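Inspection log for the structure reproduced underneath, given as C-alpha cells.
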Amino acid sequence: MYAASSAAAASTTSAYKATEKHWRRRSESEVLADADLLDVRALRADQQELVREIGTWTAPDGRQRSVFAFDAMGSAHEGFFVIPDAIDAATQLEIAHACLTEYIEAPHVTNMHLQGQQVQGLWRKARHEHPDDPARAPALSKLHWGAAGYHYDWTARKYHAGNFSRVPPRLEELGATCATACGQTLRAEAVIVNFYKKSSTMGGHQDDVEYTMDHPVVSLSLGSRCVFLKGARTKDQTPLAVLLRSGDIAILSGASRLSFHGVAKILPSPFEIDDAALAALVQRAASERADAAVEDWAEELKAVAAYLGAHRVNINIRQVYSDQSEATANPNQSGREPEDAPGTHDAVAHKRQKTAAN
C-alpha cells in the first residue's frame, strides 16, 4: 500500500487521512497508474482473487450485471459491494436530467433553500444564461446537494416525520432491487443527491444518523469518475481506493454500513452515449412531454451530457426508520450529527454553511 499506517504512527495523522492526501495530491495519470487503485471494470489478475463476483443484478434495461464483493480484502469490508456498469447511458442521462430539473425543486430541498436563495427553475435559467455550458451560471455553481424523502434537520440534528417529500418511484425501485441483489432489504425513505465539481471532495465520514443500521446505503454514480475511499469503522485502518465510473453502483451494508468513506478526487470524464441511444431517448422524451420539440430535447440532453462530463452527480438512497410506524411514533427523535453535513465536499461551501449545518 502507500505506507499510510506508518505515517499515522509517526504523527497524529490517521491512516485514512494519509491515504486521502495521497490521492488528492496525484495527477489524473498518476491516479490511473497507481497499483493500489481498484477498478472493478478492469481488475488485475492479483486483484481478481480479492474482489469476487457473487451474483447478478437485473438492470432497468434488462441486462444482467455482475455484483462484486470485497470481503476477501478483510472483515472490515464485509457488506461492501459494487455493481459496475449497472445503469445504461440513456437511463443515466435521464436520471441526471431529473436530478437537475426535478429532484432539486420544491417540495424537495437543497442547500440553497436553507440559505434562502432562489432555486425554482435553476437548470432552466442556467440554460438560458449559458445555452452551451449551463455550469457557468453563477447560481447553478452554488448547488451542492438536494434531498428527497425525510429531510434531515441539520440545525436540530434530527429527522422530522412531517418534513418529507416523496422519494421518486424510480429511485425507490433502484434501491430495493440493488439491496435484494446483495441479500438485503431496503425501503427508500431518504435520498441525498450530491453535485461535485472537479475541485470537490468528500471527507471521510460515517452515515450514522439514521435510526436503523440494518439496511444498506445504495449509491449511484453519474458523470465524472472519482476515487472512492472505503475504510473501516475507525480511521486507523487504511481504506480501499475504488475507481467509480458513471453508471456504477456501490452498496454499504452489514459490517460496512458504518464504515468511514468519502471521495478523494474527481476525474472529469466525457459522458459517452451512442447516437442511436441518444436519439431514442430524445424521441421518447418529446413524446412523453409536450413542453418541447424534438430539437429542443436534443439540445437539452446534450447540455446535461456536457454537465456530466465536468461534474459528478451522486445519488444516495437509504432507509431511516426500522419500520414505517416508528416515524409516526417518534417524530422528533434525535439523531447524531454526521461529518458529511451537506456541502462538506466543497470546502468553501462548507464554511459558508457551517453555521446553519452545525
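Note that Cβ sites are derived from N, Cα and C of the backbone, with glycine treated the same way.
Since this is a predicted model, take the numbers as computed values, not measurements.
The domain 'Fe2OG dioxygenase' annotation in TrEMBL covers 187-321. The Fe cation binding site annotation in TrEMBL covers HIS205, ASP207, HIS261. Sequence annotations record features per position, and here TrEMBL assigns region 'Disordered' to 323-358. Look at TrEMBL and you will find 323-335 tagged as compositional bias 'Polar residues'. The annotation compositional bias 'Basic and acidic residues' is assigned in TrEMBL to 336-349.
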Legend entry - Helix, strand and coil residues within the domain 'Fe2OG dioxygenase' (187-321) as assigned by DSSP: 34 helix, 47 strand, 54 coil
Legend entry - Residue with minimal Cβ packing [other Cβ atoms within 10 Å] among the binding-site residues HIS205, ASP207, HIS261: HIS205
Legend entry - Local confidence of the prediction over the domain 'Fe2OG dioxygenase' (187-321), expressed as mean pLDDT: 95
